[in-house]
Amino acid sequence: MTQKQLKANKTIALVAHDHRKDDLIKWAIVNKEALSQHSLLATGTTGRLLEESLGLPVKKLLSGPLGGDQQIGALIAQSEIDVLIFFWDPMEAQPHDPDVKALLRVGIVWNIPMACDVATADFLISSPYMKGTYTAALTDYDAYKNRKV
Ligand SMILES: O=C(CO)COP(=O)(O)O
């Protein structure tokens, strides 16, 4: 268990494919108060829409198809992102599908909480983890991260 898991201010990465951007924006508006307690970053277009809708600062990376997913993946691997909210589109192939898969993969490798739908995002944003409270699921985080694969 590290200090990182216990801190109350998390860095949340938010990403949504075009047909899921409405869902993400609506979810973010409902959860604006909770989101305002944390540092937000996002892929380019998602970030711009979030900033316009929430009036909160959002660090914007490149657009997904231009490498934004890979930038977020790299930040996860550097332990600079605590949570990933990624509303990927289950109905449509993306030109950058390999990047999408890579981002989802690296999130699992680094054992960060990830939500890909509204129901899970609701659980996550209201969880003790977001408040910096210890959670059992993360007890062996360091051991997990350093495991032999
Ligand atoms: O394509 C994306 C994620 O795979 C999202 O990128 P944008 O936020 O720039 O639309």
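Heads up, the Cβ atoms here are built off N, Cα and C, so glycines get one too.
As annotated by TrEMBL, domain 'MGS-like' applies to 2-149.
According to TrEMBL, the feature substrate binding site maps to HIS17, LYS21, THR43, GLY44, THR45, THR46, SER63, GLY64, HIS96. On its own chain, HIS96 (substrate binding site) has GLY64, PRO65, ASP69 as residues at least 6 apart in sequence with a Cβ closer than 8 Å to its own Cβ.
What TrEMBL lists as active site, proton donor/acceptor is ASP69. Classification of ASP69 (active site, proton donor/acceptor) by DSSP places it within a helix.
Averaged across the domain 'MGS-like' (2-149), pLDDT for the predicted model comes to 91. For the substrate site listed in the record, the two most distant Cα atoms among HIS17, LYS21, THR43, GLY44, THR45, THR46, SER63, GLY64, HIS96 lie 17 Å apart.
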